[in-house]
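Colleague: Dropping the structure in here first, questions after.
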Amino acid sequence: MQYRRILLKLSGEALAGKDGYGINAEMLERFAEEVKEARDMGAEIALVIGGGNIFRGVSDAAKNMDRVQADYMGMLATVINSIAFQDALERLGVYTRLQTAIKMEQMAEPFIRRRAIRHLEKGRVVIFGAGTGNPYFTTDTAASLRAIEIEADVIVKGTRVDGVYDSDPETNPSAEFFPKISYLDVIRKNLRVMDMTAITLCRENTLPIVVMNMNEKGNLSRLIRGEHVGSLVHA
């Protein structure tokens, strides 16, 4: 097994599917099955899910709002997605714990690092909601932070494309693909792998990032088995 402990970062838009907003039940179930398959192989899986399918603090909808208030709304959106994903996993028989950076005791545990690690060691999937609990930080940064805190072997960013390109392959068919690329090159080329705070955190803690297509069935399991999937961002 190439990676035993993984933090999977999914965008909220991924859960929306072709609808572009809200939660698509088919996409939710598909991603939950991918996570279950990886967990059943013996991997320890944690997740961070964005909230852009419901609300994004830097979106047009929030342009006249106070940024802090808008970001808190975005954090709540991530919790909605996290609860939905927890439910999807538990319907598949996967024990799942939701931990949030903001206390919501009726529906989630508070984030406690040692408890999260213990859950993972017991074979439970752990979902981290509400970002970092602080405004001005993205869920990419939250994913990097949590991955470092739980001592993950890798952070996997699930996207709609096959990995890292020099431009958007959905609009530029001749975009150059990078099977491997360094953190510094990502920063120098200003590639939209993750935001710069997240990339810098990973670089400073030598946490590798794999960017891959989560719409490709079985990709997560192939990665765990040691097959080359997507793009590797490394030192």
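A Cβ is built for glycine as well, from the same backbone N, Cα and C atoms used for every other residue.
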Colleague: With Swiss-Prot as the source, which of 17-22, 137-142, 227-232 is set down as region 'Involved in allosteric activation by GTP'?
Modeller: 17-22
Colleague: Quick check on the annotation: Swiss-Prot has Lys9, Leu10, Ser11, Gly12, Gly52, Arg56, Tyr165, Asp168 binding ATP, so which of Thr159, Thr197 does it put in that site too?
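Modeller: The candidate from Thr159, Thr197 that Swiss-Prot ties to ATP along with Lys9, Leu10, Ser11, Gly12, Gly52, Arg56, Tyr165, Asp168 is Thr159.
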Colleague: With Gly51, Thr132, Gly133, Asn134, Pro135, Tyr136, Phe137, Thr138, Thr139 listed by Swiss-Prot as binding UMP, identify the candidate in Asp66, Asp71, Asp162, Asp166 belonging to that site.
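Modeller: Matched candidate out of Asp66, Asp71, Asp162, Asp166, per Swiss-Prot for UMP with Gly51, Thr132, Gly133, Asn134, Pro135, Tyr136, Phe137, Thr138, Thr139: Asp71.
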Colleague: In the structure shown, which of the binding-site residues Gly51, Gly52 has the fewest Cβ neighbours within 10 Å?
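Modeller: Across Gly51, Gly52, these binding-site residues, the one with fewest Cβ atoms within 10 Å is Gly52.
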Colleague: Of Thr132, Asn134, Tyr136, Thr138, which is closest to Lys9 (ATP binding site) if I measure between C-alpha atoms? They're all binding-site residues.
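Modeller: So, spelling it out, the nearest of the binding-site residues is Thr138.
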Colleague: Rounded to a whole number, how many Å is the Cα of Asn134 (UMP binding site) away from the Cα of Gly52 (ATP binding site)?
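Modeller: So the alpha carbons of Asn134 (UMP binding site) and Gly52 (ATP binding site) sit roughly 17 Å from each other.
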Colleague: Out of Thr132, Tyr136, Thr138, point to the one nearest Ser11 (ATP binding site) in space (Cα versus Cα); all of them are binding-site residues in the record.
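Modeller: For Ser11 (ATP binding site), the spatially nearest of the binding-site residues is Thr138.
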